[in-house]
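A.B. asks: Just passing along the structure, written as structure tokens.
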Amino acid sequence: MEGDRVAGRPVLSSLPVLLLLPLLMLRAAALHPDELFPHGESWGDQLLQEGDDESSAVVKLANPLHFYEARFSNLYVGTNGIISTQDFPRETQYVDYDFPTDFPAIAPFLADIDTSHGRGRVLYREDTSPAVLGLAARYVRAGFPRSARFTPTHAFLATWEQVGAYEEVKRGALPSGELNTFQAVLASDGSDSYALFLYPANGLQFLGTRPKESYNVQLQLPARVGFCRGEADDLKSEGPYFSLTSTEQSVKNLYQLSNLGIPGVWAFHIGSTSPLDNVRPAAVGDLSAAHSSVPLGRSFSHATALESDYNEDNLDYYDVNEEEAEYLPGEPEEALNGHSSIDVSFQSKVDTKPLEESSTLDPHTKEGTSLGEVGGPDLKGQVEPWDERETRSPAPPEVDRDSLAPSWETPPPYPENGSIQPYPDGGPVPSEMDVPPAHPEEEIVLRSYPASGHTTPLSRGTYEVGLEDNIGSNTEVFTYNAANKETCEHNHRQCSRHAFCTDYATGFCCHCQSKFYGNGKHCLPEGAPHRVNGKVSGHLHVGHTPVHFTDVDLHAYIVGNDGRAYTAISHIPQPAAQALLPLTPIGGLFGWLFALEKPGSENGFSLAGAAFTHDMEVTFYPGEETVRITQTAEGLDPENYLSIKTNIQGQVPYVSANFTAHISPYKELYHYSDSTVTSTSSRDYSLTFGAINQTWSYRIHQNITYQVCRHAPRHPSFPTTQQLNVDRVFALYNDEERVLRFAVTNQIGPVKEDSDPTPGNPCYDGSHMCDTTARCHPGTGVDYTCECASGYQGDGRNCVDENECATGFHRCGPNSVCINLPGSYRCECRSGYEFADDRHTCILITPPANPCEDGSHTCAPAGQARCVHHGGSTFSCACLPGYAGDGHQCTDVDECSENRCHPAATCYNTPGSFSCRCQPGYYGDGFQCIPDSTSSLTPCEQQQRHAQAQYAYPGARFHIPQCDEQGNFLPLQCHGSTGFCWCVDPDGHEVPGTQTPPGSTPPHCGPSPEPTQRPPTICERWRENLLEHYGGTPRDDQYVPQCDDLGHFIPLQCHGKSDFCWCVDKDGREVQGTRSQPGTTPACIPTVAPPMVRPTPRPDVTPPSVGTFLLYTQGQQIGYLPLNGTRLQKDAAKTLLSLHGSIIVGIDYDCRERMVYWTDVAGRTISRAGLELGAEPETIVNSGLISPEGLAIDHIRRTMYWTDSVLDKIESALLDGSERKVLFYTDLVNPRAIAVDPIRGNLYWTDWNREAPKIETSSLDGENRRILINTDIGLPNGLTFDPFSKLLCWADAGTKKLECTLPDGTGRRVIQNNLKYPFSIVSYADHFYHTDWRRDGVVSVNKHSGQFTDEYLPEQRSHLYGITAVYPYCPTGRK
């Protein structure tokens, strides 16, 4: 083999095509980290400061660069994988949002990156060294052959080396070991600027980051890669942008694929002194070296796998109508001329020759002509025909193995005897995808496939793979190593259920079964009709008038056996619909997709299946308006309907109302190249209205890209060009229905002249008489037969759906349901079951393992520690009170060493607890001991002394009798632990029917009051009737209504002396969802205000002092409790506001206008008052309320939110009560507490439904509602959000716990687990403050230790409800 030599390495000039393919396959290995551009301090790099959101100082470029149409000299480099021409805003304004940004951006990997604590580094520099400029030039020339003379004069490099993603700090959690390395290079020659993005092998270990303010811990944003010009000058429209990634798979493709032939390397043309509408990616796969003066149109290469939002198509290069092109014969060898080699290595001695002098730097042809200039230096004015065959398989670039990786092995020698022949009959040259790629790690498995005529015997461990028979007589083989590769055994579920899976040398492929067609992953029955559903969005200028529409419906119906396609688009605005009448290609896509196939041809669905992107650009003449239409197919739904999304952007000519469009039958040529189909044509259309007949035209460029299975051999007879014949073209807009309709009839087959007289079989031209659900089988001449499609039955001319579910001809297994569909059926598993691997058998869903339940956790024994399950296999351990340690190892705390008992008592330490007992001669509870008296004691005092002695034992809940000064029983007795009260006679025995539950008004005991004229109430009459029925003395398990002194029903009712309790309204009716289980008392709120027995104070505000203080509600008043730091200033507490006849429950504060807001369940109102002297209350909501309880104020949006536990609603309104809105009215039983995070826009609330308590969240407009917490909670009364720690915390009167979690529900932990009966809670500094119904006061808890630090018990002994903290300033959300 002859070849030129440069720097001691051979440079291939002209090789037979099959010798070139193995070299390309050897280069398929990903970019090695050593092949990045040189970087580090030794190369002059500057180092960006460590941190989460750092930005470099401005970099003043010695030579300006062009970005889009602008020229700039300043650059900034950011931590988060981004470069900009201006300083960055705070990361919260862009890092968690999709492209485009509102500032100029060059983003090789935009994500939330954090280099704190030495987790990687970011380096950057401007460079003019020949080594860097030479490598940049070689990359650019390889990707942009028309820029073969590009010689950069300066470059800018930025490298992110071993950087990590931002992670929330969690106790005991180690940082992730996933680190990324990538590089961006900007190169310019003063006129044009190019960007290179490099991603080495194993360089992207994380593909995205989680938003800091995520609602859901599972949410992860894929990294954004691309370019953005920034907002336009008027700040009302976004500038052009180019996005390369949108999914996790597209990010993964960054290092697996390439747009210039080297996996992990990407090149883009980003700026020029000439007009550049948008960034243009490299597309080396689009090149055709033979007759390269007429480059092919847009042909997506690997870059399409990244799901680009803007697809570069080089439409400017189309200067010829494909329908008029003359196809000349050409030799396959011509395709090899002109491809370059790329040397990506850096030698120890840098070649300092000018770039023009090194023959390895320019991609020249054998004759010395640069690629893209064959036939003349200027392509714009020259149009020459090219070989039709080259549209099928453009020749790959010629690559020298040594120049790619000098340290790797060279390929084995190949015979030079010329035995390798071109394709027979002058067929197309195979591309690099026509033979299996050589991956050294992959295992080769050959199985029969209809397109291949032989198999090769296999040996264990390594397999030999011969070239296909049609390549020629060469018997050269390649040896592969048997290693991991994807096979049917583990991946057959990726195939359609109407397909079979076949293993090949490098992987597996799916193929549709007989009587079905498609690409194997999506298969449809032959001859059956098909349906399409989708959405259409558009941003158009009709003439000069902007028209916008979003997600309007698209429906299409296709008659598969004659190629008819009907499309309807609903509710497009009339000006746009009228202007879109000529654009039949919108519905024409379905014509190509399901066209009637002539022999040897395939329609679009047979190739692309149900996942592809159709991109077309239409230019109207003579006005040259341009519109871009992108249609994305997103698979088949359960009914086998194709789902498609359409986006229309650009300008279209105005079409007057009442004009109709007429388009004659036409033909289109479609060119097939690997995973891309292209077509270019011109089309005339007429607009008529009465006698007016106008003729216009447009030119259309189409690109259809899809994924092919590269493992199966390509069928050699598949045509590279097919002709689509379109007849009966119909377009109509119905103004009354607002529906735009298209109809076309399509046939696809070989390219034929119009004069071809050969008659067609009715099966091929659609003139047969078969049923629309039947397949047409051609016979001899014009004979044919009809056969009903799969899933239908009949004689072929009349077919009806076969109900497989009714006849039993289905494969749905036990525990599944068969659902009949037109021509098919679907299996669905019953609740609690899921599909097995065969997708027919339903198996029982195995619940995920819970280490805390199955005993696989590593926590200390149950009596010492608590295991907390966090989902999946994760858990945490926490020592119980009385023990210390990390939860895995817990040791008993010796409380006796802390001297907690009275000096006259003895301390007894027990595991996890302790007790105190008074010494002989003293009596008391051990914490307080009093010398014993020798005087005689009354029965009450004796029982009291005995109970106090028993109370010293741990866990004791004895009642301690209350005696008066003479030692007699007080008529009213109350249990100090449970809160129950009752009347006793002089001997201390309980008076039947007088017991009242905690939280209610105690009974009136003692002498009967003077007779009054008040008649007995419903409650009193019902109580008397039941007592009479029970014989005057009810048993402990019999219910007796509890009434207060005025005869009203006490809000809390209990069944006898049991703990089965529930809430009632003022009429005694049970409140739904409040019935409790033993051990938990529901938190019932009265709805009738108690009578005022003292003079009523003025309802105005007693102004508080300056500083932070607490406001709490207590029946008819709002109390004021100042803070000294975090300590309660109990001596300065006072009443802020008194409101006779009210029951004030919810309370919150507006820090901007210094106003307090509250809810009143007695008055059924929401009111407010200022905190200045003498301010009077103002009612702002007084209708549509029954029991308004929780209240939250958004001081930023000037909005309030409240809950109503009777109407079961959550509502919002502005702070003046206007613009009232119901956010939620379903799936609520007892909504109570509510909290708002104004800075991040989140709303949280509790629902203490006894059957299913929960904490929920949503956005402030009511969107994205979801359950945050619904396990291990009982009666979540109180809720608070701390804007400083970003923690959501709640107090639970059922579990007796105070707990906190992150806003997304993660990081849940218990602060205190021994609360009494909390109602409301607020967070301030390092403390929580909550109201408690057992203590009837305010209790403070330290956030960090969980210890009770103080309590305040108001003079008035009644329940406290809501509580809030009043700051002297408004909290902010800055980090």
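Every residue, even glycine, has its Cβ placed from backbone N, Cα and C.
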A.B. asks: For the disulfide involving Cys829, grab the partner from Cys812, Cys842, Cys852 as Swiss-Prot records it.
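C.D. replies: Recorded disulfide partner of Cys829 in Swiss-Prot: Cys842.
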A.B. asks: Do you know which of Cys867, Cys890 Swiss-Prot records in a disulfide with Cys879?
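C.D. replies: It is Cys890, per the disulfide annotation in Swiss-Prot.
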A.B. asks: Pick from Cys770, Cys776: which cysteine does Swiss-Prot list as forming a disulfide with Cys763?
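C.D. replies: Candidates were Cys770, Cys776; Swiss-Prot matches Cys763 with Cys776.
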A.B. asks: Compute the C-alpha separation of Cys890 (disulfide bond) from Cys1084 (disulfide bond), stating it in Å without decimals.
C.D. replies: 39
A.B. asks: For Cys786 (disulfide bond), which of these disulfide-bonded residues sit within 10 Å, Cα to Cα: Cys776, Cys812, Cys859, Cys940?
C.D. replies: Cys776
A.B. asks: Which secondary structure state does DSSP assign to Cys1019 (disulfide bond), in the simple three-class scheme?
C.D. replies: helix
A.B. asks: I'd like to confirm something. Which of the disulfide-bonded residues, Cys776, Cys812, Cys827, Cys879, Cys1063, has a Cα closest to the Cα of Cys770 (disulfide bond)?
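C.D. replies: If we rank Cys776, Cys812, Cys827, Cys879, Cys1063 by Cα distance to Cys770 (disulfide bond), first place goes to Cys776.
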A.B. asks: Under 8 Å between C-beta atoms and at least six residues away from its ends: which parts of the chain pack against the domain 'EGF-like 3' (801-843)?
C.D. replies: 493, 497, 525, 528, 638-640, 773, 789-793
A.B. asks: Measuring Cα to Cα, how many angstrom lie between Cys1019 (disulfide bond) and Cys1063 (disulfide bond)?
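C.D. replies: Cα to Cα, Cys1019 (disulfide bond) and Cys1063 (disulfide bond) are separated by 14 Å.
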A.B. asks: Measuring Cα to Cα, tell me the gap between Cys812 (disulfide bond) and Cys852 (disulfide bond) in whole angstrom.
C.D. replies: 37
A.B. asks: By Cβ count within 10 Å, point out the most packed of the disulfide-bonded residues listed: Cys805, Cys859.
C.D. replies: Cys859
A.B. asks: Can you tell which of the disulfide-bonded residues Cys776, Cys877, Cys879, Cys1084 lies nearest to Cys940 (disulfide bond) in space, using Cα positions?
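C.D. replies: Result for Cys940 (disulfide bond): the nearest of the disulfide-bonded residues is Cys1084.
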A.B. asks: Specify the secondary structure state of Cys1043 (disulfide bond) as given by DSSP, simplified to three classes.
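C.D. replies: Its secondary structure by DSSP: strand.
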A.B. asks: Please report the three-state DSSP label of Cys877 (disulfide bond).
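C.D. replies: Reduced to three states, the DSSP call for Cys877 (disulfide bond) is strand.
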A.B. asks: Could you check the disulfide-bonded residues Cys940, Cys1063 and say which one's CB has the most other CB atoms within 10 Å?
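C.D. replies: Selected residue: Cys1063.
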